[in-house]
Amino acid sequence: MRRSKYFTPNEVSLHNTINDIWVSYLGKVYDLTPLLEAYKGDVLLKPIIECAGKDISHWFDPKTKDILTHVDPLTGCIKYYTPRGRFIHIPPPCPRTDWANNFGKPWWKDNRYEVGLLSAKTRWIRIINTLTSQEQKLEVCSEESLDEILHRYLFYNSHAASYTWKLSGINLDMSKTLSENGIPEEDEFYCGSPDCNLFSPSICLYFNDDLTEL
């Protein structure tokens, strides 16, 4: 079984329009575009649209994985806590006969929208093609294997699989992560500074003379 794909927060943030809206919460990434299409024009979409491309884990109780609740000061009843305003599949504050509750699972419990996992930590690396001397800086997920990083790099070099990946002259195990290959984390002190590039691992690609280039 193929494992779930990892995404960086930056990748999630690119999906921030009404026609392409992703959010992340509790470590997973969701594509809510079909939800917006199904409820197009509904005012209850507003809080979701406002958070397009962002992490909304603070909406949830990490233990129950449900929306946070609170005691309504007026009724004394336990209700969902939605400080940004009520949104799709949240029941109205008072009983109403016109509220349709036949939607099945609420969207935040519906696995249909799940597209992958949110990386707990991202890393910057430099990939140097020794054949062409081209260098590409990539933000990758620390949980990804080198094979999965290779798939990211295919955007820049469609023949990336025709190269041997090395660090300091040592062949890398493509089935393992950067850390599992003994590549240490870059110094946190330099992250976000002009010197960050100096501390990003440089992976060198050496061309294999094979038939995949034909």
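The count begins at 1 with the first shown residue.
Backbone N, Cα and C atoms are what each Cβ position is placed from, and that goes for glycine too.
On a predicted model such as this, the values are computed, not experimentally measured, just so you know.
What Swiss-Prot lists as domain 'Cytochrome b5 heme-binding' is 4-70. Averaged across the domain 'Cytochrome b5 heme-binding' (4-70), pLDDT for the predicted model comes to 98.
As annotated by Swiss-Prot, heme binding site applies to Tyr39, His70. Using a 10 Å Cβ-Cβ cutoff, His70 (heme binding site) registers 12 neighbours.
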Taking DSSP helix as H, G and I and strand as E and B, the domain 'Cytochrome b5 heme-binding' (4-70) has 22 helix, 19 strand, 26 coil
